[in-house]
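Asker: According to Swiss-Prot:
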- 301, 361, 364: [4Fe-4S] cluster binding site (BINDING)
């Protein structure tokens, strides 16, 4: 019987041919925690009486949500992870000296390779499927179990094939593709499914692939996945990889629950209106709605990569942020920040009137470094726009790509960057 890439990855890890719907216990290659979710896992780990991690080199803690800490509570929370990391001499512990948002930092460090099974106590762990791995978010107790045993149980997900055709136009990126898809199938349209992107995938760069897989969860998906190709292998080239990649590809006549086709050449930049990522409208519709904004935000695990900053800088160069608008730019990792500084992008942002912050998840989750007040409106490159997501319950978040956000910051209203 033919298999999808997801079924093949699980078969490899289980040591037997398995198919969608089967319950399996799989070896885990990398377990990821952060400063918010890891302390819960640590408490469960210690409660179990376990003395050692099953796979110390396959466990990473990334301090990214409230780092540097914003208050006493977050400082005490961070202290739990730090003490655990030092006690166990954790190799993959990333704190203020090497700060970054986990789903940008982990691939940057070479800790995910094709063919892996990855779990993380964060819903956007599905990001890493862009590298040809099965990657999904789990609860902190599940993470503790994997810390203790090196394994976890799964119901092998059915797959939805997303066939992409053509090429993306000017100022249209992976963010627009995934917003379009979610608008088509809804926030539960891929519930517990693997969203497998294929077709003319060679026309999509790696950063766009990360954005697409990152937001698979916003359609309810268990994972997003893209089989490795030359672009993937090029991404791996300058990395000190944790392991040798194993490349798997879906059989031509493998079973898919559904197939969705998207003509990339017909896409416009997309904007997801409050209060769901599925409320996608074209930029033409958004411009017609004359949506004034109070804040523009570029960053997050979805769109805080170097390509996003380059796109924003190209638009902002020589311009000024609108008088009544705030622009916050948050590079996803220190390496990205340093590269942006080297290329002169940080100067462009500051000269335009933007605030450039350290890498953090803070604004995206309404934690700090960009919280919205009552009735404020923000256009953002983040991944969620639920009620109160970035601040006050009466505030509004509109999701868009980096070009749309940069252009909107200049005009003070949601703007088409192509105009």
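Glycine is treated like the rest: Cβ placed from N, Cα and C.
Keep in mind the model is a prediction, meaning the values are calculated, not measured.
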Asker: What's the number of neighbouring CB atoms sitting within 10 A of the CB on residue 364 ([4Fe-4S] cluster binding site)?
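Answerer: Around the Cβ of residue 364 ([4Fe-4S] cluster binding site), 27 other Cβ atoms lie within 10 Å.
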Asker: Can you give me the residues near the recorded [4Fe-4S] cluster site, meaning same chain, not 301, 361, 364 themselves, Cβ no more than 8 Å from the center of the site's Cβ atoms?
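Answerer: Apart from the listed residues, the neighbours are 64, 65, 101, 103, 124, 299, 300, 302, 304, 360, 362, 363, 365, 382, 383.
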Asker: Including all protein chains displayed, how many Cβ atoms other than that of residue 361 ([4Fe-4S] cluster binding site) lie within 10 Å of its Cβ?
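Answerer: So the number of other Cβ atoms within 10 Å of residue 361 ([4Fe-4S] cluster binding site) is 29.
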